[in-house]
Each structure stands twice: as structure tokens, then as C-alpha cells.
Amino acid sequence: MLGLNKKDFTLLLIVAALVVFAPFILNPFPADSAMAQFNAGYPDLMQRFVIFGIFAIGFNILFGLTGYLSFGHAAFLGVGSYSAVWMFKLLSMNIVPAIILSVIVSGLFAMLIGYISLRRTGIYFSILTLAFAEMSFRLAYSVLTPITNGETGLQLTLDDPRILGETATATGSIPVTNFFGIEMRATEVMNVGGWSFQFNNGYYMCAIMLLLAFYLAIRIFRSPFGMMLRAVKSNQQRMNYTGLNTKPYTLAAFVISGMYAGLAGGLMASMDPLAGAERMQWTASGEVVLMTILGGAGTLIGPVLGAGFIKYFENIFSKINEQVLHSWFHALPDGIENAVVWVLEHFVGSGWHLTLGLLFMLVVTFLPGGLVEGGQRLGRLLRRKDAEKKTATQSTPAE
């Protein structure tokens, strides 16, 4: 169905179910309970889950299939955001033209950078992409200030011309982004007992984009083009010796990956019409590398899992402070309570990166295939236990 085999179609359905029911899945605790701080079912965070999932899926097409490690993909994320905001300022607040422009401009920018960077391989390619991204970041703060608005960031104003839309609402405020009249910030709240579930239009628009991006990634992975990219990763030198020019394939993968990043940047601006140069920093490029490796490079669902995992830690664990820790361990004797809090406070709050780093080290050491490999091992273990039980039952003689 949809050109997919049964396994891939099932995987697509699983991802679809996860994003559709995310408001329920991410709110396991009642809103007034002490554990409610671990809920992640609010619009802003759910949007970030799927947007960075798209970013990681695109990066995985390059890194997971070809083995080319780019440290400059945040440049395309930033370019996509700037393109979308400019479309909001000049044309209309409809997100469709903004997203289309984000993808096109990021693709053209990726073609330029890829054409130069792909002349080298290995660490030299990585350094070149990092250099281009850092150059873009610095230019956004200096020469390109008329386009990027420098440190303040590009944002909407009441003076924007907006050819196909109103410059201000009836109340004199800036219009909000929409999809043919459907406001992206609109949220419906459903209260069930002690639980509160939020359904945001912007999140579901991002979720639809994630499903389309995931479906396209599946088709790429299973296509002859995807097989060629795997061959490049396996032994590019041997392919060159046979007379096959691999440059068009790697450049195409780089451009597609950049367009995914542009789509993510456009969606970020569509949910919050603001674009800043900080989205182009090298740390953002490193973050998508962590997402892909943590989830499972070269797998389909791995980058999505990695993106959700890291964004959860970033937004939830970073909120746990010393006061929260004391409330958790107040039943312990004072001396032990203070000692436990002193140890744990280094791993939460502003120190959440330390926890993430330790988990990343453990995953890379014991699960080289990422979280996906962990799930596969667990599945094999459960199947083996079931098989052993069946064998034991069948071998037991009847009395």
C-alpha cells in the first residue's frame, strides 16, 4: 500500500499513531499531581518533537546512508527560518508559501555548499561544512544584518507590506500565522478527570509534515537511489574505480537533506514567526548529530526517537531544580537528603547536559545501533523466551 511493503507500511502506521495520540501519550500524570512536571503534552514541546524529528530524518538521509558527517546542517535550518519570516512579512501569513520558499531556498543553499564540500571526504568534508555554517552564522550578525536584523532577529512588525494579507488586525495587533484561515496557535483543551489534554492546530500541521517527510524517507531508503547511497557508504573508492561517478548521488543526498532542514526551519518560523542567527550555531548542528546517532543512524525511525529523547531531556529535566529535589527526598534524614540532592543537582537543571552525555556514552558503548538496536534486542529476547516456553510445554509428556 502506498508503494510500501508490509513492514514499512506498519512502521508508518505506528509513527502516525504516535503523533496523532501524542497529547494523550505525553500526559501520563494528572495535572495537579507531583509528577505532572514530567508531562510533555503541551503544544510548544510537542511541536519541537516533530520539527526536530523532521530535521533528524533529513540528516539521516545524508549521514545514515552515505556516511558523510555534516557539522553544518544548522545553516539550512536557519536559512529556512529566515525565508519563512520574510514570506510572512512580504506576502501573507499563510504558512504554505512560507514553507515552500523555505524548502526551495535551503535546497539551493545546500546545493552550493554541497558542490564545494563534497570535493572532499571524511573529516575534511565535516570541517568544510562546519566552516560554511560558522561563516553563515557570523555573516548573519554582520554583513547580512539588513536581511537578518542581526542580534535582535528577524520578526514581524506593523509596518510589513504583506501584499496578500492584512498588515494589522482590527485590534491593531500583528496577524497570526494560519493555514488558509486556520490559526496555528489555536488550541483546544479537553479535561478528563485530573488530566488536561491540549490539541494544538500548529502541532498537527507539523505532525502531517513529519508523516510526509517520513514517508518520503522510506521511499528513498528502499529505492535504487538509496541502494546507491549505501554503496557509497560501503566503499566509495571501489565505485570510483569501476568508473561510476558518485558525485551526483552524494550531492543529491546532501541537497535533499538540506531541504529537510529547511522544512524544519520553515515550520519553526510558522509556529513562532521569529528567526535568529542562533539557529545556525554549530551547537545546533551537533545536536542533530546526537539525535541521529542516539536513535540509530541508518534506521528509519531512529532519528525521530533520538529527537524526541533529547528534546524531552532539554525541556523537562532542565526544569528540575534544587527545590524540586528537596521536595522529592524530604522524607529522608536531613544529612542524607542534602547529600542526595547535592549529587543529583549536578545532573538536572542546568546540568542536564551531563546526564545526556552519560546516556549517550552508554548507548554508543553498549548499543552502537542506538535506541532502535535496544528495541530490537529486547524484541529478540522476548521472542526467545516465548519460544522456550512453547518448547518446554510441547516436550512435557502427557500423564
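The backbone N, Cα and C atoms fix where each Cβ goes, and this holds for glycine too.
Listed as Cβ neighbours of the transmembrane segment (12-29) (distance under 8 Å, sequence separation of 6 or more from its ends, same chain) are residues 2, 4, 35-36, 38-41, 45-46, 49-50, 195-199, 203, 207, 210-211, 214-215, 218, 301, 304. Marked as transmembrane segment by TrEMBL: 12-29 (among others).
The transmembrane segment annotation in TrEMBL covers 49-71 (among others). Only residues 6 or more beyond the boundaries of the transmembrane segment (49-71), in the same chain, are considered here, and those with a CB under 8 A from a CB of the stretch are 19, 22, 40, 77, 117-118, 121, 125-127, 129-130, 133, 203, 206-207, 209-210, 213-214, 217, 220-221, 226, 229-230, 232-233, 249-250, 253-254, 256-261, 263-264, 267-268, 271, 282, 285-289, 291-292, 295, 297-299, 302-304, 306-308, 310-312.
Residues annotated as transmembrane segment in TrEMBL: 91-116 (among others).
Taken from TrEMBL, the feature transmembrane segment applies to 202-221 (among others).
Among the features that TrEMBL reports, transmembrane segment is placed at 248-268 (among others). With a cut-off of 8 Å between Cβ atoms, the residues of this chain six or more beyond the transmembrane segment (248-268) that come close are 47, 51-52, 54-55, 57-59, 61-62, 65-66, 68, 70, 73-74, 76-84, 95, 98-99, 101-107, 109-111, 113-115, 117-118, 205-206, 209, 213, 220, 225, 228-229, 232, 275, 279.
Taken from TrEMBL, the feature transmembrane segment covers 288-313 (among others).
The transmembrane segment annotation in TrEMBL covers 350-372 (among others). Packing against the transmembrane segment (350-372) from elsewhere in the chain are residues 290, 293-297, 299, 301-302, 305-306, 309-310, 313-314, 317-318: each is 6 or more residues past its ends and has a CB under 8 Å from a CB in it.
Beyond its flanks by at least six residues, the transmembrane segment (202-221) meets 2-4, 8, 11-12, 15-16, 19-20, 22, 43, 46-47, 50-51, 53-54, 57-58, 60-61, 65, 95, 99, 177, 179, 184-185, 256, 260, 263, 267, 270-271, 300, 304 of its own chain at Cβ-Cβ distances under 8 Å.
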